[in-house]
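According to TrEMBL, the features are:
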TRANSMEM  6-30  transmembrane segment
DOMAIN    12-134  domain 'Ferric oxidoreductase'
TRANSMEM  51-72  transmembrane segment
TRANSMEM  92-110  transmembrane segment
TRANSMEM  122-142  transmembrane segment
TRANSMEM  148-169  transmembrane segment
Amino acid sequence: MSGGLWYLSRATGILSIVLMTAVILLGLVLSGSRRTAVTRTTVIQGVHRSLSLGMLTFLVVHIATAILQTYVRINPISAVVPFTSSYGRFTVGLGTLAFDLLAAIVVTSLMRHRMSERVWRIVHRGTFAMWPLALWHGVALGTSNEPLLRGTTIACAIVGGVALLWRLAGSHHDNNRRREVLRQEWT
């Protein structure tokens, strides 16, 4: 059974990074001045949130199966405290850092209406650290000898990098539209 859990952990890890990349792409579209009409923005925001929930589901399965499998030993504490794993201390630690940042992003997104826009935005910008850490974790630990997994992770990095450059190239702010999006419930 452990072999099955190991492969399930890898599969859900790669699915998590693909969905995470899609979520970030949609977030970049929503945050920039190059956005579409308000009705499309609402749809994009709904897809952004739905994919976020899907990604979180796969990520939880990834972490749980990584802990439960017996192919290598990963302590449950290592899922939340970076650089404490006896297996792949640095690379598992990168994944843990990414998870911790993601947890902060999710919690503040759920509490967005109870905090200032500035605080929410600062924490949400943690995505720009979280995503590369997750990619590095995947490339260094999980995809090193699997061409399909490595290629998928590299493709995510390229697509995300191009999207970030696209977003930065049109980065003048539309504060009225931003406030309108922030007023929408996260349900």
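Yeah, the Cβs are placed from backbone N, Cα and C, and that goes for glycine too.
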Can you tell me which of 6-30, 51-72, 92-110, 148-169 gets the most C-beta pairs within less than 8 Å of the transmembrane segment (122-142)? 92-110
If one takes Cβ-Cβ under 8 Å and requires six or more residues beyond its ends, the residues near the transmembrane segment (148-169) are 10, 14, 17-18, 20-21, 24-25, 28-29, 31-32, 34, 128, 131, 135, 138-139, 142
So what pLDDT does the domain 'Ferric oxidoreductase' (12-134) average out to? 90
